[in-house]
Amino acid sequence: MSKVKTHKVIGLRSTRLSIVLFLFFILLSNQFEPYNQSQLANIAMLLIAVLSITLLTGASGQISLGQGAIMAVGGYSSALLVTRLGLSMWLSFILAIFISALFGLFLGLAAARLSGPYLAGTTLVMALAIPSIAVRFETFFSGDVGISVDYGMPPKWLTNLIGEVSIEEWSLYVVLPFTAVALFAVLNLSNTRTGRTWRAVRDNEVAASLAGINIARTKVIVFVCASGLAGLAGALYGFRGLVAPSVYPTDLSLTLLTAAVIGGLRSIGGAIFGTFVIVFLPDLIEKVTGKLAIPETIGIYLPALTIGVLLLLTVILNPRGAAGALEHIRHKKKH
Amino acid sequence: MLAITNLVTEFASIKALDNISFQAKPGLITTVIGANGAGKSTLLRTISGLERPTSGSITWFDEELTHKSVEAIVRSGISQVPEGHAVISQLSVAENIELGGLFRKRIARGDLATATKEVYELFPILHERRNEPAGSLSGGERQMLAISRALVSRPKLLLLDEPSLGLAPLIAAQIIGIINDLCRSTGLTVLLVEQNANTALAVADHGILLALGKVVADLPAKEMAADSSLRAAYLGY
Amino acid sequence: MTSFLSAFFSGTAQGAIYALVSLGLVLVWRGAGIVNFAQMGQAMFTTYIASQLIQNDYSYWSAFLIALISGAALGALVDLGLMRPLTSRKNSQLLTSQSMRTTIPVIASLGILGVLKALAGIFWAGEERGFPSPVAPNAIKIGETNLAITGFDLFVIGTVFLTLVLTTIFFTKTGMGLAMRASALNPEVTRLSGIKVGWVRTLGWAISGIASSLAGLLVTPKTNLSPNTLDLLLIIGFTAAVVGGLSSLAGSVLGGFILGYVISFVNVYSAPENVFIAILVFLLLALFFRPQGILGSKQVRSV
């Protein structure tokens, strides 16, 4: 009886958290000028991709350096569905989830046999190879030029309801529902029996398999779920204007991993924090370098340098990331 | 003299060694016997530095060993032959022996050659098979190799962890016999951990009986061998 | 026939470079259980150092030597400053789970890669620059006919061959080489033999640094030098190492040459844009059909 109760409470809490975040974004966006609104939309869509890493690495211990490539799969799927088959954008987003998940299934079947560094290396190769497929089959995927797609204009009923909506604001409204649902799904998953199974695999494969958990199958399922999320993020990311190999470079995969790591691989709050950092950090650094009159030739490398240093500091000082540090402080206060 | 004083080693706050004190006299064989899980292996691993003690001290004559690294302990003349005939099976027999003396290569190259010759004389079978991988040896030969690896470092104290484990009785007796001869002829100090109390007490000068991490008897080997009530209580035969 | 021969020779020369990269990765993997994704970032950095020295009128060979020494230093520094403290920390809660113990070093090496790339961009302004070779890159001529092999290819093959011979002698004939093999196979027995396994491991990082620096010096005359040039080499080297069985030194070299031929023949007989896909397909095939590698032993790949 009590078990059922806790489940309900948890479900309620994650619903509340998702809604609060949803409203927070919208409120925030009203205070912002268009540029920051589009940054906010970037955060909302990249958050979905970062959550896929939190799910994969934080919850089941698999590491992927190729989430950007899976984003590309999602991006190309939705772009092709819209431009070739004339499907609606919304439907193409949903289908992109399934196509990427299917892709993740094949990948997961290979990945389930791999551990740690093997998986990292293989996904890194994938991050480099998959965008090049678009160049190889140029007639189908439009090569380096890419496919132009966008969110379209805000519908009449919305403008009638709340007045003029800028393109940037509209992009935020398109992305936010997906982010909220993704957040809700991941929050709930980590508290269910399935989530516990995944964590058991992460913590000790031998013990988990002795407890009757099918390790390989569990790993494949996690991979499929994470790929679905990354694919969705990729589709949303592409519809900012262009789906092309240059939109999903290897660096994107590494940036996403950075966000998950500095926030804390095991924490969803950490994922949100990390995503804010990677999106706003370049802006912040640009402002600082502008003030300090640092030449641009150096300035363009500072974001990458800062992110690298942050990554190193995180693994050295506190591998559990910002979320872990926060927990540590809270724990100390109690005592 | 090896002196163990109030030694405690814990694994996740379970005391594997619970306040152990005893001494092993130089030039003699001291045997540590006890049932499975009594803490015998942990004792040897703590002396050789593989496990860190929670408290207490280990000294070898005037030298404090308690917080030294494994390598430093080996370099002060204390060699361990680990449990399970531990040799590196992918390396050849000769390479395994070479490994044992490697750290002395620069300081005592001449003596190293002599030491190697000596262990080959002690175990001629190893010389015959010196170019074969250690993994192809039989259990007894592997144990001989593990002992040889320890001996080429010219130890003053040899720690042996269940050398007879898994060996045919005849071969076990042969190996224990060789160690006994070695101790008597060279003045090597031996700390011999054994589950097989009869074999060990037959050659040892002194016996330490461990049970659940505590020393329950510290007697001359002859007396311990004669005390049937001790064996009945702690070893079950 | 000519295209076959030129594919073969350029495959041999490329394969020789891949073999160095793969050897570097395997050296660290065997010693420390870490795949060093920063390896070619380190090589990129030392190649920039060489390039800078040559610009400042140092001779090619002194720059070459200094680059190799900095490669060794950088490798040792990564181990001492980062990997050793990271892997020796026992109390951190995150590292108690086995998957995290393998994940954290991977992330750390990516952090180093990012920092090195950014620093190279800051110091050397990031744009592509050429890198000289001591031998002219023209085809060798006998009389009037061009041979399918260039002088530079011969230089690469010769240098790598010499390196591999020296490495083999080091590992099979010297005490330090024995200590390195022993530490990789069984650290506990090696420590009980009085060998400082931690330092042996650092030496492995240093040698790996030399091998990858050499690869950087040999590949950049053809590819040019930029902070990102050597990324591809890391991917190929990793694939070669997996194909050879991540734990085998001989296998890693063999894997390097196999990849060299695969890539060279895809380049000549198919199209350059197929190279990435060929690498991915090759890696996946290797993982599916021979996960322990060509020369790897089965038990090593149990995790």
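Glycine is no exception: its Cβ is also placed from the backbone N, Cα and C atoms.
Given the structure is predicted, the values throughout are model-derived calculations rather than measurements.
Pulled from TrEMBL, these are the features on record:
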TRANSMEM  A:41-58  transmembrane segment
TRANSMEM  A:89-111  transmembrane segment
TRANSMEM  A:118-137  transmembrane segment
TRANSMEM  A:170-189  transmembrane segment
TRANSMEM  A:220-239  transmembrane segment
TRANSMEM  A:259-281  transmembrane segment
TRANSMEM  A:293-317  transmembrane segment
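Among A:41-58, A:220-239, A:259-281, A:293-317, A:41-58 has the largest number of CB pairs under 8 A with the transmembrane segment (A:170-189).
Only residues 6 or more beyond the boundaries of the transmembrane segment (A:41-58), in the same chain, are considered here, and those with a CB under 8 A from a CB of the stretch are 25, 64, 67-68, 70-71, 168, 171-172, 175-176, 178-179, 182-183, 186, 189, 202, 222-223, 225-227, 229-230, 232-234, 236-237, 240, 256-257, 259-260, 263-268, 270-272, 274-276, 278-279. Most Cβ pairs under 8 A with the transmembrane segment (A:220-239) among the ranges A:89-111, A:118-137, A:259-281, A:293-317 are made by A:89-111. For the transmembrane segment (A:293-317), the list of distant contacts is 255, 258, 261-262, 277-278, 281-282, 285-286, 325: same-chain residues at least six beyond its ends, Cβ to Cβ under 8 Å.
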